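Visitor: The feature DNA-binding region is assigned by Swiss-Prot to 4-23, 48-56. According to Swiss-Prot, the hypoxanthine binding site annotation covers Tyr73, Lys189, Thr191, Phe220, Asp274. Annotation source Swiss-Prot lists domain 'HTH lacI-type' at 2-56, citing sequence analysis.
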Amino acid sequence: MATIKDVAKLAGVSTTTVSHVINETRHVAEETKKIVLNAIEQLHYSPSAVARSLKVNTTKSIGMIVTTSEAPYFAEIIHAVEDHCYRQGYSLFLCNTQNNPEKIKNHLEMLAKKRVDGILVMCSEYTADSLDLMKSFSDLPMVVMDWGPVNPNTDRILDNSFEGGYLAGKHLVDNGHKEIAYLSAELKKTTARKRYEGFLKALHEAGLEMNPDWLLEGSFEPEDGYECMNRLLAQEFRPTAIFCCNDVMALGAISAITEKGFRVPEDFSVIGYDNVHISRFSAPPLTTIHQSKARLGERALQLLFERIQDKTAKRETIEIHPELVIRKSVKNLNRH
């Protein structure tokens with residue numbers, strides 16, 4: 001593998017001149033520049049990314065720490081982030097944590113060693129350990145992409161889960177539903193709890209109370225939606241509608257409903273959350289709460305690039321508002 005010394009020798013110049021040509025850190029005569037570039041091409045020389053970053057103070061790379069890249073919601077955001085990074089000439093290092101503090105620590109240390117220009121963080125929950133870890137890397141520009149901790153060292157983008165939960169509850173109430181269940185991820189998780197609180201607000205505005213037997217907790221997985229729905233179907237008294245904490249739980253719930261010989265929305269109305277790509281292809285197409293994954297990813301990167309350019313600027317909190325997407329999984333009881 002060729003070195004910078006080999007390039008300098010072939011071009012008949014100093015290693016300093018070669019460095020200036022590569023990093024564009026000083027004017028070099030056009031003829032000399034051409035000779036150096038020809039030598040680089042002949043030797044197939046590739047400068048060390050780390051060495052170059054020490055010269056120009058950028059690696060043109062971003063780190064992204066997520067709970068998991070398998071879940072459809074995370075996967076769609078990651079795709080949007082990677083696409084925007086590519087268009088801006090940046091590379092993306094993706095790190096999955098499964099909310100394991102040890103993994104978060106190792107990933108943060110690895111990203112710091114690779115001298116990434118900044119880090120995006122998107123975890124479904126933040127433990128005390130992970131918050132402390134993030135504070136210890138506060139010299140790195142960092143944007144938290146979900147509900148996020150209140151941290152003066154990071155910018156935040158809020159997804160307004162409370163507002164989304166309210167929109168879901170209100171849509172069901174407006175369609176004449178009074179007996180409504182909530183299939184939730186663990187309520188200790190902020191996202192699930194905020195969606196539930198917004199949902200309760202819509203019920204209370206309509207003078208309705210939540211039946212505690214119809215509040216079932218699982219996780220953000222289709223298996224949990226399936227199992228929770230089966231527990232609901234086993235009860236003597238059943239709701240007319242089900243609000244699911246996310247779309248994949250809703251798909252699991254619909255599977256349980258159809259297995260038992262019931263139909264959506266004729267027998268049970270179902271509404272999801274996130275508007276992941278597959279939700280429009282369920283049977284029937286799923287009514288859901290839309291969060292623009294492309295807008296979230298692009299806005300997070302814009303904010304991170306701003307922070308990379310100016311590390312001393314005041315930290316920002318930006319809100320992204322969810323929207324109701326009406327398809328065919330909710331029955332209007334007012335017409336019957």
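Placement of Cβ uses the backbone N, Cα and C atoms for every residue, glycine included.
Computed from a predicted structure; not experimentally measured.
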Visitor: Any idea of the Cα spread of the hypoxanthine site, Tyr73, Lys189, Thr191, Phe220, Asp274, as a max distance in Å?
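Guide: In whole numbers, the farthest two Cα atoms are 16 Å apart.
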Visitor: For Asp274 (hypoxanthine binding site), name the DSSP secondary structure in the helix/strand/coil scheme.
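Guide: Where Asp274 (hypoxanthine binding site) sits, the three-state DSSP reduction gives strand.
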Visitor: Look up Phe220 (hypoxanthine binding site) in the DSSP assignment and reduce it to helix, strand or coil.
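Guide: Assignment for Phe220 (hypoxanthine binding site) reads coil.
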Visitor: Within 10 angstroms of the C-beta of Asp274 (hypoxanthine binding site), what count of other C-beta atoms is obtained when all protein chains are considered?
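Guide: I count 28 other Cβ atoms within 10 Å of it.
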Visitor: According to DSSP, does Lys189 (hypoxanthine binding site) fall in a helix, a strand, or coil?
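Guide: Reduced to three states, the DSSP call for Lys189 (hypoxanthine binding site) is coil.
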Visitor: Can you check what DSSP calls Tyr73 (hypoxanthine binding site), collapsed to helix, strand or coil?
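Guide: It is helical.
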Visitor: Count, for each of the binding-site residues Tyr73, Phe220, the other C-beta atoms lying within 10 angstroms of its own C-beta, and report the residue with the smallest count.
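Guide: Checked Tyr73, Phe220; of these binding-site residues, fewest Cβ neighbours within 10 Å: Tyr73.
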